[in-house]
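Record features, source TrEMBL:
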- Glu179: active site, proton acceptor (ACT_SITE)
- Gly208, Ala209, Ser210, Thr211, Gln212: ATP binding site (BINDING)
- 22-42: transmembrane segment (TRANSMEM)
- 473-495: transmembrane segment (TRANSMEM)
Amino acid sequence: MVPNIHSALPVTGTKPRTSRKALLILGFLFALAAIALVAMAVSQNKPLPKNIKYGIVLDAGSSHTNLYVYEWPAEKENDTGVVHQVEVCKVEGLGISGYSQDTEKAGLSLQRCMKRAQEVVPEHQHRETPVYLGATAGMRLLSLQNRSIADRVLSAVEKTLRSSPFNFQGARVISGQEEGAYGWITINYLLGNFKQVTGTSGALDLGGASTQITFVPDQEPIESQENSLHFRLYGKNYKVYTHSFLCYGKDQALRLKLASDLQASVRAPDLLDPCFHPGYLRIMNISDLYTNPCIANGEQQLPFTQLHLQGNGDYQRCRMTIQKIFNTSHCPYSSCSFNGIFLPPLQGEFGAFSAFYFVMNFLNLTTEKSPVPLDKVTSTVERFCSRPWHKVKAEFPKIKEKYLSEYCFSGTYILSLLENGYGFTMEKWQSIQFLGKVTLHVDAGWTLGYMLNLTNMIPAEKPPTRPLSHASYVGLMVFCSLVLVAVLLLSWLTFHKPKCLQKGLI
Ligand SMILES: Nc1nc2c(ncn2[C@@H]2O[C@H](COP(=O)(O)OP(=O)(O)OP(=O)(O)O)[C@@H](O)[C@H]2O)c(=O)[nH]1
Ligand SMILES: [Ca+2]
């Protein structure tokens with residue numbers, strides 16, 4: 001029969017009482033040790049007050065300037081995908097290159113967004129927060145046209161940025177190569193591709209004045225030096241192809257097309273344009289068309305000062321007129337895109353952003369899931385172009401007329417550039433994803449990559465990592481200690497059995 005523990009409890013006697021006392025003390029000590037260990041684990045793992053760092057980048061594009069504020073946890077600086085975008089402020093008015101007639105205004109235009117940044121970044125961190133301004137194709141064109149005016153514009157923006165409480169780190173015109181490279185770094189950083197064995201994603205950026213294509217080709221070596229970049233990131237080498245086509249952003253491409261149409265036409269001021277909706281009318285000053293180095297001066301030979309554009313919404317014809325701005329007659333390499341520029345065979349997935357996204361998104365051709373097939377994209381653009389302007393306007397009354405009137409041209413231009421310019425076939429088209437934002441709600445673009453580079457946040461070598469996180473380490477230590485204490489207690493009980501137990505008193 002199993003002895004009944006309770007029925008065997010002693011009622012009197014001194015020895016069992018001493019042993020029970022020893023047991024009680026032991027139990028008490030054990031409980032104390034357990035409480036101490038748990039308390040230690042809890043206090044060790046209590047989240048530390050967040051040490052957040054901030055960085056500000058101004059993207060001074062040809063069409064407008066955007067200010068981005070990024071934040072990241074200081075202790076995770078060298079991890080990938082830890083930077084969040086906390087603010088994007090769109091500067092009202094023109095891009096900075098548009099202030100060539102009144103350069104001071106370029107600086108003043110940034111003041112509202114700089115104020116906004118001061119509200120977003122905590123005041124005690126203003127002085128340590130770096131601020132960078134990078135100007136792209138609009139300023140590249142202005143520099144080519146008139147270097148001293150471009151310098152004055154940069155001085156004006158520098159003055160505004162220096163007068164802010166942030167740590168000003170420079171305002172400069174970045175090269176097309178840098179623009180392509182930093183866009184590629186941004187998306188691959190956000191997609192976590194640098195720390196995975198999977199490949200990287202190519203980057204396609206369509207701005208107002210230039211467009212960039214950047215990817216890691218299969219083929220080596222890269223045949224032209226100016227299209228070749230070499231990076232060592234997180235312990236891996238990357239040979240990257242990049243090219244920036246100045247004048248092939250969508251605003252300049254439209255000018256190129258109009259200038260080419262004018263040359264081909266009988267040089268009359270009335271131009272029937274298949275890239276605008278039927279019933280659409282636009283009057284343009286000829287002098288506005290020929291104001292930059294993208295278009296060689298043909299202005300003088302024209303006998304009129306204004307151009308009357310009249311849309312007829314014919315996608316196929318539009319495509320033909322756009323085709324003329326891509327010169328494919330010569331190629332000094334094994335393969336080219338256009339204008340004699342080297343392009344290796346397309347490789348891997350691509351993320352397409354900026355105007356690639358704005359336009360495709362408007363046309364409902366961006367999906368989170370599988371990409372929309374090329375033939376469906378073509379038929380959608382074709383149908384959209386053929387719609388009468390008054391109907392389009394009535395359907396989208398809130399969209400800026402400049403944007404709305406140009407979606408037909410822009411959609412057709414994107415198809416021409418990707419299909420004819422870069423050679424995205426029906427099959428390859430499926431590898432393009434049109435992206436507005438990547439993970440963590442960060443806008444796709446060159447600015448994040450630029451900041452990561454300038455703040456040395458992407459190390460060349462893989463940072464050494466501990467096998468366990470801090471929390472797992474402390475948890476494991478507590479668990480092992482408890483097991484150890486339990487084992488010790490059990491062995492003590494087994495080998496030095498207190499008399500009360502030996503006598504079966506408890
Ligand atoms: N539909 C639409 N178009 C936009 C929007 N923002 C900009 N655009 C147009 O899209 C084109 C590209 O815009 P961005 O990527 O901002 O170009 P950017 O940076 O000013 O120009 P680059 O210096 O060449 O890079 C320009 O023609 C803009 O006018 C938008 O929110 N919606
Ligand atoms: Ca841009």
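Keep in mind that glycine also has a Cβ here, set from the backbone N, Cα and C atoms.
What TrEMBL says about a protein is an automatic prediction, not a curated fact.
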Q) Across all chains shown, how many C-beta atoms besides its own are within 10 angstroms of the C-beta of Ser210 (ATP binding site)? A) 26
Q.
Given the binding-site residues Gly208, Ala209, Ser210, Thr211, Gln212, return the subset with CB under 6 A from an atom of ligand 1, ordered by sequence, or none if empty.
A. Gly208, Ala209, Ser210
Q.
Which binding-site residues are spatial neighbours of Glu179 (active site, proton acceptor) here, meaning Cα within 10 Å, out of Gly208, Ala209, Gln212?
A. Gln212
Q. Among the binding-site residues Thr211, Gln212, which residue has the largest number of other Cβ atoms within 10 Å of its own Cβ?
A. Thr211
Q) Out of Glu179, Gly208, Ala209, which of the recorded positions is least crowded by other Cβ atoms within 10 Å? A) Gly208
Q.
I want to verify one value. Collapsing DSSP to three states, which class is Thr211 (ATP binding site)?
A. strand
Q: List, in sequence order, the residues of the same chain other than Gly208, Ala209, Ser210, Thr211, Gln212 whose Cβ lies within 8 Å of the centroid of the Cβ atoms of the recorded ATP site.
A: Ser62, Thr136, Ala137, Asp205, Leu206, Gly207, Ser244, Phe245, Leu246, Tyr248, Gly249, Lys250, Gln252
